[in-house]
Each structure stands twice: as structure tokens, then as C-alpha cells.
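**Student:** Quick one: the structure is below, and I'll ask about it shortly.
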Amino acid sequence: MSPYALSMLMSSLAMGTIITLSSSHWFLAWVGLEINTLAIIPLMTKMHHPRATESATKYFLTQATASALLLFSSTMNAWMTGEWTIMDMNSYTPTTILTIALAIKLGIAPFHLWLPDVLQGLDMMTCLILSTWQKLAPMALLILTSHQLNTNLLILMALASAVIGGWGALNQTQMRKIMAYSSIAHLGWMTLVISFAPGLALLNLMIYLMMTSSMFVMLMTMNATNMNKLSISWLKTPTLAASMMTGLLSLGGLPPLSGFLPKWLILQEMTKHHLGALSAVMALSALLSLFFYLRLSYMISMTSPPNISNANLTWRKKNDLSLVNPILVVLSTMLVPITPMLLM
């Protein structure tokens with residue numbers, strides 16, 4: 001792709017998100033989401049492969065449906081209340097339709113089916129953008145309207161996301177699909193706490209963005225698209241393989257890594273609201289996710305590939321992301337000591 005076209009598309013992507021984040025009017029928020037969707041589709045199809053075209057088509061259709069529902073809910077709200085302001089969603093039907101629209105946009109269960117298929121057809125860089133940057137605008141709208149949304153519906157979707165996110169990745173061997181299910185599970189945790197403590201959902205989103213970015217950057221550096229390629233990464237990049245193992249355990253939520261922090265705080269918040277049974281189910285669903293992260297960690301660190309090299313030194317590729325990698329790894333593993341400051 002031409003650098004001029006790429007810079008224009010990336011600028012449009014940034015502009016779409018910024019328009020949505022800074023708007024207080026539903027129509028402007030919808031325009032931002034549309035610019036966002038239209039800017040990423042050429043990035044998806046730049047590989048010129050049937051799988052990429054299929055992914056772009058699926059993505060366009062799901063996002064168009066979600067945008068139509070969002071516009072419909074905001075128009076219905078304006079018709080019922082006379083208000084286009086984002087903070088004034090008081091009627092039951094528009095808020096339910098809005099919740100469904102944003103769930104489709106984000107890939108929250110039971111509207112998650114498009115996400116693993118779409119990610120599997122794309123290159124790692126576009127997967128990174130889709131799993132991180134594209135979550136910002138819909139999540140911001142969800143946080144802004146969280147006090148008006150149906151709490152029971154959000155809790156049901158959160159439970160479904162956490163269980164499906166853990167269950168779906170158990171039999172996967174492709175890294176992009178595993179990361180898609182990981183994203184679904186993490187979004188479940190954010191959706192669960194969003195009605196009770198929107199600030200905590202925002203903290204969870206920030207930590208999720210750091211952990212997912214570091215994982216995709218490491219996968220890009222290793223050029224690993226499936227589990228078999230991960231098992232030979234120890235020979236090529238030992239330091240990166242060790243960092244990746246730590247990153248995976250952080251995604252699984254093991255203490256004392258950064259991924260433990262949001263889960264711990266969310267479970268604490270839930271028990272404060274006397275939702276002990278719900279907290280127990282969420283904690284058990286986290287064990288499902290932890291299983292496949294542990295399996296990947298085991299493959300990276302404790303298995304020797306069958307085609308082990310006879311040479312004393314293996315050829316190592318020059319790393320273009322050598323500065324970004326360590327910063328992201330540190331952020332995605334070592335935030336627990338500064339928990340009090342983050343909570344302030």
C-alpha cells in the first residue's frame with residue numbers, strides 16, 4: 001500500500017475515534033464510528049487474499065448493522081424525549097437497542113461470532129488495530145451511558161462473554177483466534193463492572209490495551225501465527241520468548257502481574273454489592289481462560305521443537321520494534337505495585 005494512502009487511512013481512523021470521544025451529540029458520535037469503520041476496511045483488504053476480503057466483508061456487514069441500530073436507538077430516544085444528548089437516554093427501549101448495538105460493535109457475547117473469523121483473515125498489524133484502537137470509541141459510549149443502561153442485560157452479556165471467551169479458545173491452535181477469544185473474555189469483565197464502577201471498567205480497558213498490544217507486538221516480532229511456530233521461538237529469540245510467557249500469564253490474570261489487578265478489583269467491587277455467586281462464576285470462567293494461556297506458556301518455555309537446529313548459534317532476525325517491546329512488556333506485567341496510585 002502507498003505510504004500516502006496508509007497515512008490518510010490512519011489519520012481517518014484516529015479522527016473517527018477522536019470525533020466520537022469528544023462528541024456530546026448522538027449524530028456526531030455515529031459519524032465518528034462510521035469514519036472509523038470505513039477507514040479500517042482498506043487496511044483489512046491490503047493483503048489481496050480471499051480470506052482478507054471475506055474478513056473485511058464480514059466486518060463491514062456487522063459494523064453496518066450495529067451503526068444502523070445505534071442511529072435507530074438515538075433517533076427513537078430523540079423522538080420520545082426531544083433530546084439528542086448522549087447523557088439523556090432515559091427510555092427503556094432505546095437503551096436496550098443501544099446496548100445491543102454497542103455489544104455488536106465490541107464483539108461482546110452473544111454478538112461475538114464475527115470477531116474470531118474476522119481476525120483470522122487479517123495480518124497481525126490490522127489485528128492489533130482491531131483489538132485495541134477500534135474498541136476505544138464504542139467503549140467510551142458504553143461508559144458514558146452506563147448509568148442509564150439495563151444492569152441485568154449487561155451482567156448476562158458479561159457472564160456469557162467470560163464463559164465463551166474461555167471455552168472458545170480451548171481447542172484453538174491459531175494465535176489470532178486465541179487473541180480474539182481473549183478479547184471477548186476481557187470485554188466480559190469490563191461489561192460486568194461498568195454499571196457499578198465505570199472508572200474501574202476504564203482502568204480494565206487501559207490494562208487490556210497494554211497487554212494485548214504487547215502480545216501482538218511480540219507475535220509480529222516472532223512472526224508466529226500458530227502454536228507450532230511458538231514452540232521454536234525459544235531458539236530464535238530467548239528473551240522475547242520469556243517476555244511472552246510473562247505476558248500470557250498476565251493476560252490470564254495471575255498475581256503479581258498487571259492482569260491480576262483489574263480482576264481482583266472487579267471481584268472486590270462485586271462482593272461489595274453482595275453479588276457473591278456472580279463473582280464466583282466469573283472467577284471460575286477466568287480459570288478456563290487461564291488454562292489456554294498456561295498451555296501457550298508451556299509450549300513457549302518447556303517444549304523442544306522436533307527440528308532443533310544443530311548450529312551453536314541460530315540466525316536471528318533484526319527487531320524493528322526493539323524500543324516499543326520492552327516498554328509494553330513492563331507495563332503489561334508490573335503495574336500491581338502502583339495500584340493505590342491507579343485507584344486514586
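Here, residue 1 is simply the first one shown, and the rest follow in order.
Cβ atoms are placed via backbone N, Cα and C, with glycine included.
Unlike curated entries, TrEMBL annotations are predicted automatically.
Feature annotation from TrEMBL assigns domain 'NADH:quinone oxidoreductase/Mrp antiporter transmembrane' to 23-288. Here TrEMBL flags 290-343 as domain 'NADH dehydrogenase subunit 2 C-terminal'. Look at TrEMBL and you will find 26-47, 59-80, 92-115, 153-171, 178-197, 203-222, 234-254, 274-294, 323-343 tagged as transmembrane segment.
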**Student:** Test of understanding: applying the rule of at least three C-beta pairs under 8 Å (pairs 6 or more apart in sequence), is the transmembrane segment (274-294) touching the transmembrane segment (178-197)?
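**Tutor:** Between the transmembrane segment (178-197) and the transmembrane segment (274-294), contact is present.
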**Student:** Looking only at the recorded stretches 26-47, 59-80, 153-171, 203-222, 323-343, which one has the largest tally of CB-CB distances under 8 Å to the transmembrane segment (274-294)?
**Tutor:** 153-171
